[in-house]
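Per TrEMBL, the features are:
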type	residues	note
SIGNAL	1-16	signal peptide
COMPBIAS	20-40	compositional bias 'Basic and acidic residues'
REGION	20-41	region 'Disordered'
DOMAIN	54-181	domain 'LRAT'
ACT_SITE	165	active site, acyl-thioester intermediate
TRANSMEM	202-232	transmembrane segment
């Protein structure tokens, strides 16, 4: 676990002021208006998306996923340091900044949160993910998908490779925890690192290092042989 007190100090020094009470009131006044009878008005997005739809938005290096809940609400899993360093629910509910994201990734902490469609998109184009057409897994009913996402709302440990936003939505919609982005990343890294060229380079580098340090011993020779051998066999 990355030292959380240090992350907290870094975050607070970057953006750690409390919003004034007036802004809180403005936030409350901007809540979705209600119709007669206490029912909320339908969002414009309800005519575009269906409750339980798997939404995606492109980022710089990856794709971010979420589950549409209806009424301009999206459940998505996102790394976030704020719940760890603060108990202020107002600050936690604010749109997650890039600083909060980065520190959340380093600290391996995140949360399943419900945001508006615009906050979820963060300025990017929103698409309905076409995974239903390529997966052999049965798709759960939209209402069941949305309920799964709502039940998981809250603080959850985050892992960039082993449990990210795609793992979350895949579980909600298909009942399986997997990520195509993680698979593709690991496949690319394997091609880059576990190749015969890398094995040969590692062998030459290890031999030169042993001779340069004049540390010729049984352990150093075994290390210089075993590491390139393992890379060679895995390539």
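Placement of Cβ uses the backbone N, Cα and C atoms for every residue, glycine included.
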Name, in the order they occur in the sequence, the residues of the same chain whose CB lies under 8 A from the CB of residue 165 (active site, acyl-thioester intermediate) and which sit 6 or more residues away.
64, 65, 66, 76, 77, 78
Across the domain 'LRAT' (54-181), what does the mean pLDDT come to, as a whole number?
91
